[in-house]
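**Q** For reference, the structure I am asking about is given below.
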Amino acid sequence: MATSKKDIRALTKEQLRNFFVEHGDKAFRGNQVYEWLWQKSAHSFEDMTNISKETREMLENNFVINHIQVDQMQRSSDGTIKNAVRLHDDLIVESVLIPTPTRTTACVSSQVGCSLDCKFCATARLKRMRNLNPDEIYDQVVAIDNESRLYHNRPLSNIVFMGMGEPLMNYNNVIKAIDKITSPEGLGMSPKRIVVSTSGVPKMIKKMADDDVKFKLAVSLHSAIDEVRTSIMPFNATFPLASLREALQYWYAKTKNRITYEYVVWKGINDKRKDADALVEFCKFAPSKVNIIEYNPIDDGEFQQAQSSAIDMYVNVLEKNHITVTVRRSRGKDIDAACGQLANKS
Ligand code: SAH
């Protein structure tokens, strides 16, 4: 429900402590409430059982907790779970739990819709409505962690920012969410288990390097030839490959972190030897890994998964050039939970 009260989770711990001092209480009360808000993920002030009724009422009069609500949960035959998540203003985003024998990964959204216009992605058709707040990103992770414990008997182990939206176009909030996820005052997860996936916004990749972030970077490349990339990811006209590469060189020089490239091979678009050669040329400046991901059809057909011989050709060319390559199968296709299928369909 829309309200004019302030979202309490927009406050830092220091601001919350000051709020209590200004209201004639102890700063320590701020710590207690902060712990309820983040570590214990309280949905309401009433849940805060070690806080007096008076104080809870005072908080109620000043603030709201804009907690997300899992509106609908779908479970795939392969164990994948997709959540349709309702935000306080009734907009919906989706997040996905992906289990494997050794890990559980949360795929979370960073925006409602997306401002990019990748031709092969269902989310692109939704248009960007707004950025998610740090607490809305955090809540998606908590919801998946709970489901992981409930359905797979283990806590969440990894997070990928590969849901709806372009995380680097909501950089500040994504960083704040990751700070909470990795902080002992939040979920205490290791940043090494978090991957931020981007279509490639050069300026922001450099900013990440300057900020000395500890999470991993994945770049959705899909083609290392400008004309081809622009035809499937039109924003490449604004940020062409040379500027992306320059930013990635800067990233690698500063962080010494390997770069992962996400890559789909489509019939008639990027399935020729020259495409694989261009990919090798593009990524050999730094230790790289290429994840060839399966195409998840989003409609009747402009894009089609390339034949397996084309995938084999890519694998051979990359391996010959000492570039690590993995071929990844999609998960959760039967519930439209796979990469690029998130479009609030149900
Ligand atoms: N905007 C970010 C994160 C969201 S997309 C990014 O571009 O990286 C997450 C991944 O899914 C990206 O690698 C994207 O290129 C890929 N993807 C999008 N649509 C897809 C589809 N239909 N099939 C397979 N992968 C897709």
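Using the three backbone atoms N, Cα and C, a Cβ is placed for every residue, glycine included.
According to TrEMBL, the protein carries these features:
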- Glu94: active site, proton acceptor (ACT_SITE)
- 100-334: domain 'Radical SAM core' (DOMAIN)
- Cys114, Cys118, Cys121: [4Fe-4S] cluster binding site (BINDING)
- Gly165, Glu166, Ser197, Ser220, Leu221, His222, Asn296: S-adenosyl-L-methionine binding site (BINDING)
- Cys339: active site, S-methylcysteine intermediate (ACT_SITE)
**Q** Widest Cα span across the S-adenosyl-L-methionine binders Gly165, Glu166, Ser197, Ser220, Leu221, His222, Asn296, in Å?
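**A** Max span of the S-adenosyl-L-methionine binding residues, Cα based, is 19 Å.
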**Q** Just the recorded positions from Glu94, Cys121, Ser220, Leu221, Asn296 whose C-beta lies under 6 Å from any atom of ligand 1, please, or none if there are none.
**A** Cys121, Ser220, Asn296
**Q** What does DSSP say about Ser220 (S-adenosyl-L-methionine binding site): helix, strand or coil?
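**A** In three-state terms, Ser220 (S-adenosyl-L-methionine binding site) counts as strand.
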**Q** Secondary structure at Ser197 (S-adenosyl-L-methionine binding site) (DSSP, helix/strand/coil)?
**A** strand
**Q** Quick check: in three-state DSSP terms, what is Glu166 (S-adenosyl-L-methionine binding site)?
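**A** It is coil.
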**Q** Three states by DSSP: which one describes Asn296 (S-adenosyl-L-methionine binding site)?
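**A** It is coil.
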**Q** Does Glu94 (active site, proton acceptor) have same-chain partners at least 6 apart in sequence with Cβ under 8 Å from its own Cβ, and which are they?
**A** Lys82, Asn83, Ala84, Val85, Ser109, Gly163, Met164, Ala337, Leu342, Asn344
**Q** I need the CA-to-CA distance for Glu166 (S-adenosyl-L-methionine binding site) versus Cys114 ([4Fe-4S] cluster binding site), whole Å please.
**A** 6
**Q** Test of understanding: give the count of other CB atoms lying within 10 angstroms of the CB of Cys121 ([4Fe-4S] cluster binding site).
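**A** There are 24 of them.
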**Q** Please report how many Å separate the Cα atom of Ser197 (S-adenosyl-L-methionine binding site) from that of Cys121 ([4Fe-4S] cluster binding site), as a whole number.
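**A** Checking the Cα atoms of Ser197 (S-adenosyl-L-methionine binding site) and Cys121 ([4Fe-4S] cluster binding site) gives a distance of 14 Å.
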